[in-house]
Amino acid sequence: MAYPFQLGLQDATSPIMEELLHFHDHTLMIVFLISSLVLYIISLMLTTKLTHTSTMDAQEVETVWTILPAIILILIALPSLRILYMMDEINNPSLTVKTMGHQWYWSYEYTDYEDLNFDSYMIPTQELKPGELRLLEVDNRVVLPMEMTIRMLISSEDVLHSWAVPSLGLKTDAIPGRLNQTTLMAMRPGLYYGQCSEICGSNHSFMPIVLEMVPLSYFEAWSALMV
C-alpha cells in the first residue's frame with residue numbers, strides 16, 4: 001500500500017500492474033529525453049549570438065520535427081495498446097465475483113457459490129483497533145485465492161462509483177444499469193487496499209476496499225464457513 005510522501009506508484013502485486021510500471025518508466029524516459037532536448041535548445045538560444053534572421057524556410061528542419069514526433073507517439077502508443085488488450089482479455093476465470101456500489105458501501109456476491117454474499121462497510125475511526133488504518137478498514141474483507149484468475153463484475157445500484165485497487169492495477173467504473181468486468185490476479189498473499197475513485201456524494205471518502213489474498217486451501221475453508 002501507499003506510504004507518506006510516496007512519489008512513485010505502489011509496488012506491483014499483479015502481472016498487469018507490473019506491465020503498467022514498465023510502461024510508466026518507458027514513457028517517463030521519453031518525456032525526460034524530450035525535456036532535456038528542449039532545455040538544451042533554449043540554453044543555446046540564450047547563450048549564443050548566432051541568429052538566422054534572414055532564413056524564411058527550412059524544409060529539412062520542418063521534415064524532422066514532423067516525422068520525429070510521429071515516431072515518438074508510435075513508441076508510446078504501441079506498448080499502451082498492448083497493455084489495454086491484456087487488461088481486456090479474460091480467459092477461463094477460476095472465480096467470478098460480482099461487485100455492486102452503493103451510497104456509501106460495497107456489496108459482493110460470489111456467483112460460483114449458492115449463497116455467499118455480504119456488504120462491506122468502512123469501520124468508523126472510533127472503533128478501530130491498534131494497528132488498523134484510518135478510513136481504509138472494512139467490517140467484511142473480500143477474501144480471494146491468490147495466483148488464480150478472478151473475474152470481477154462491477155456495477156452500481158444508484159450513482160457512479162469506481163472500484164479501484166492501485167497495487168493490483170485495477171480501476172473500473174461502476175455504472176448503474178451497466179455491467180463492467182475486469183480481471184484480477186495477485187501473485188502473493190496479503191491485504192490490498194483501495195477506495196472508491198469516483199466522486200459519488202457526501203460520503204465518497206468513506207468507501208474503502210480491502211482484498212485479502214490467501215492460498216486456495218484457506219479460501220476453500222473460509223468459503224465453507226461463510227456458506
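Note: Cβ is positioned from N, Cα and C throughout, glycine not excepted.
Keep in mind it's a predicted model, so treat the numbers as computed, not measured.
According to Swiss-Prot, the protein carries these features:
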TOPO_DOM  1-14  topological domain 'Mitochondrial intermembrane'
TRANSMEM  15-45  transmembrane segment
TOPO_DOM  46-59  topological domain 'Mitochondrial matrix'
TRANSMEM  60-87  transmembrane segment
TOPO_DOM  88-227  topological domain 'Mitochondrial intermembrane'
BINDING   H161, C196, C200, M207  Cu cation A1 binding site
BINDING   C196, E198, C200, H204  Cu cation A2 binding site
BINDING   E198  Mg(2+) binding site
MOD_RES   Y218  phosphotyrosine
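For the pair the residue listed as 'phosphotyrosine' and H161 (Cu cation A1 binding site), the C-alpha distance works out to 31 angstrom. Shown in sequence order, G101, W104, V159, L160, H161, S162, S197, I199, G201, M207 are the same-chain residues outside C196, E198, C200, H204 whose Cβ sits within 8 Å of the Cβ centre of the Cu cation A2 site. Assigned with DSSP, the residues of the topological domain 'Mitochondrial intermembrane' (88-227) fall into helix, strand and coil as follows: 21 helix, 61 strand, 58 coil.
Counting neighbouring Cβ atoms within 10 Å of each of the binding-site residues (C196, C200, M207), the lowest count belongs to C200.
Residue counts for the topological domain 'Mitochondrial intermembrane' (1-14) under DSSP, split into helix (H, G, I), strand (E, B) and coil, are 0 helix, 0 strand, 14 coil.
Comparing the recorded positions H161, E198, H204, Y218 by how many other C-beta atoms lie within 10 angstroms of each C-beta, the top residue is H161. With a threshold of 8 Å between CB atoms, the same-chain residues lying at least 6 positions outside the topological domain 'Mitochondrial intermembrane' (1-14) that come near it are 20-21, 24, 133, 136, 166-170, 184-188, 190-193, 213. In this structure the alpha carbons, written CA, of C196 (Cu cation A1 binding site) and H204 (Cu cation A2 binding site) are 7 Å apart. Taking the Cα atom of each, E198 (Cu cation A2 binding site) and H161 (Cu cation A1 binding site) are about 5 angstrom apart. Cβ proximity to the Cu cation A1 site centre (mean Cβ of H161, C196, C200, M207, cutoff 8 Å) flags the following additional same-chain residues: G101, Q103, W104, W106, S162, A174, Q195, S197, E198, G201, H204.
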